[in-house]
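A.B. asks: Dropping a structure here in structure tokens format, bear with me for questions.
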Ligand code: NCD
């Protein structure tokens, strides 16, 4: 039963519950009109303390397309947070006005704290460099729809694996399906944190390789998940400048990849995928952004118990 639950970490839901959300997403894609007013009279509060385009707009669009309404803020400065209000008090207040809330915050663990004080379901829309479980629902729906299978994939993840919260949530989730292997491509300074490599990959005996060069492995991949170097998480600008162009996926590299490899990216892209790759039928990052709206429609409907 997903009604009334929070989604803070991808492991909060069982594989069966995730499957329920994916199945509903697919049904909504096929028959959007059947779902266009199931959230009539319901309100989503979007509390975004950090910049966002896709996540915030896709949550908004999702609620509007379900017939509900949206309130919220897109920068903390315009709310009472700028007067020093805690997230615990903000969410208790928001619970008086809204039925469900999506929270993005620069501090790791903030949506978890909010959920502990909340009378309404809280969805983690990204907490610092930690987790981003709704991006992962988006990614799972994309992989299932385009590759057809969440099992048996060789998944290359490239870029900022240290601070990239989408990566942490994706690895946690894809590790639960059968026979997936990971190729983790990053500069040493941006390698995957221990809590993912030890607690998730090693603990579950998942096959993985950590490597610095993409050229050596691109031919083996079924999925290539590119990420941006997370500028806002660096303490030192020089360090960022040194690492920011570590990887640039271009046509030449794509020529070495499998015919049916797909390229994903949570977006925003900075420099890590050249525009020439956009024309390649294997590039599916904008489709992925669209799947994000459907995954969030299904998630909202399930947490509100309207479906
Ligand atoms: C990601 C995020 O915010 O973590 N964006 C998104 O939600 N689609 C990735 C990023 O900002 O690099």
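Cβ coordinates come from backbone N, Cα and C, glycine included.
Nobody curates TrEMBL annotations by hand; they come from automatic prediction.
Per TrEMBL, carbamoyl phosphate binding site is recorded for 54, 55, 104, 132, 135, 267, 268. The L-aspartate binding site annotation in TrEMBL covers 83, 165, 228. What TrEMBL lists as domain 'Aspartate/ornithine carbamoyltransferase carbamoyl-P binding' is 5-144. For 155-301, the entry in TrEMBL reads domain 'Aspartate/ornithine carbamoyltransferase Asp/Orn-binding'.
What's the neighbourhood like for these features in this structure?
C.D. replies: Residue 55 (carbamoyl phosphate binding site) is surrounded by 25 other CB atoms, counting those within 10 A of its CB over all protein chains shown.
The Cβ of residue 165 (L-aspartate binding site) lies under 8 Å from the Cβ of 126, 127, 128, 129, 130, 131, 132, 135, each on the same chain and at least six residues away in sequence. Secondary structure at residue 165 (L-aspartate binding site), as computed by DSSP, is helix.
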A.B. asks: Between 54, 104, 132, 228, which of the binding-site residues has the fewest other CB atoms within 10 angstroms in the structure shown?
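C.D. replies: Counting other Cβ atoms within 10 Å of each of the binding-site residues 54, 104, 132, 228 gives the minimum at 54.
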A.B. asks: For residue 135 (carbamoyl phosphate binding site), what is the tally of other C-beta atoms lying within 10 angstroms of its C-beta?
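C.D. replies: For residue 135 (carbamoyl phosphate binding site), the count of other Cβ atoms within 10 Å is 25.
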A.B. asks: How long is the line from the C-alpha of residue 55 (carbamoyl phosphate binding site) to the C-alpha of residue 228 (L-aspartate binding site), rounded to the nearest angstrom?
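C.D. replies: Computed Cα spacing between residue 55 (carbamoyl phosphate binding site) and residue 228 (L-aspartate binding site) is 16 Å.
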A.B. asks: The domain 'Aspartate/ornithine carbamoyltransferase Asp/Orn-binding' (155-301): mean pLDDT?
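C.D. replies: Summing pLDDT over the domain 'Aspartate/ornithine carbamoyltransferase Asp/Orn-binding' (155-301) and dividing by its length gives 97.
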A.B. asks: If we count other C-beta atoms within 10 Å, could you say which of the binding-site residues 83, 268 has the fewest?
C.D. replies: 83
